[in-house]
Amino acid sequence: MMKTEHFETSCDDGVKLNGTLLIPDNPKAVVQFNCGTATKKEFYLSFLTFLAENDFLCCLWNYRGSNESDNLKNSNFRFLDYGTKDMPAIKKYLDNRYPELPFLLIGHSAGGQQIGFINDLQNVKGNINIAVSSGYFPNIPFNYRIKAYFFFYIFSPISASLNSYVKAKPYGMMENLPRKVVFEWRDWLEKEEYFFNEKFYGKTVPKGHFKNFDFPIHIYYSSDDTISNSRNTNAFWKNVNSQKGITITELVPKNYGLKKIDHFGYFKKQMKETLWIEIVNRLNRFIEE
């Protein structure tokens with residue numbers, strides 16, 4: 001059996017975050033799941049429900065500026081806030097609620113990029129990152145690159161000028177976003193090293209704990225992922241170190257009976273009997289070691 005509980009917590013700067021807990025009867029660990037940029041937490045619900053059915057207490061939540069009630073006009077929210085303010089606030093809430101349980105982190109896309117900005121990582125037993133990479137424009141397929149250039153360099157500046165935020169949802173691009181989030185995201189995507197580039201790292205971006213993680217990290221990416229392909233995955237993770245090791249698995253769609261996985265297919269129900277089981281087994285190993 002599993003119960004669902006909605007919660008609200010506050011960041012150190014007073015911003016309120018909303019989330020959902022999936023609580024099994026006898027949880028063996030807590031999983032903080034960090035979503036991708038402009039992706040609603042509900043998209044991941046089937047995957048997290050599967051983890052909860054395997055006795056992991058799961059937390060799904062939205063970043064600042066991602067809730068229906070958030071006023072995005074003239075917002076000062078930055079992309080960096082996701083890692084320096086939001087992720088730590090959720091972890092603090094979970095640590096206070098469940099101090100006796102092992103702690104695990106799972107991130108999709110930006111949700112894995114910024115975990116090193118969380119200060120309190122001492123109790124983390126392991127981390128799984130799915131499609132987490134630099135997203136460097138020149139390393140993505142040409143047709144998708146054109147779409148990305150249009151979104152970041154034409155649509156977003158015009159939309160931000162007209163609306164005081166990037167109004168992307170009505171056009172089916174992604175959820176609406178604060179203007180500063182989009183423009184900082186764009187700045188990082190322009191560099192193959194992402195925010196590790198000397199223009200940002202240790203200057204506009206804190207150094208964090210990326211060079212001295214003390215828990216095992218495993219990355220999954222798909223061979224057909226337009227964003228997190230092999231080049232961008234390696235471009236990001238070559239800047240990260242863990243005393244407990246970093247390992248990477250490339251998924252090939254046909255090996256999972258699929259025509260494509262791309263950037264979001266990891267969380268579709270077709271993966272329930274394959275990738276999701278692999279992830280559960282890996283989480284179990286993290287807490288047993």
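Using the three backbone atoms N, Cα and C, a Cβ is placed for every residue, glycine included.
What TrEMBL says about this protein:
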- 26-113: domain 'Serine aminopeptidase S33' (DOMAIN)
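Within the model, the domain 'Serine aminopeptidase S33' (26-113) shows a mean pLDDT value of 96, rounded to a whole number. According to DSSP, the secondary structure content of the domain 'Serine aminopeptidase S33' (26-113) in residues is 34 helix, 18 strand, 36 coil.
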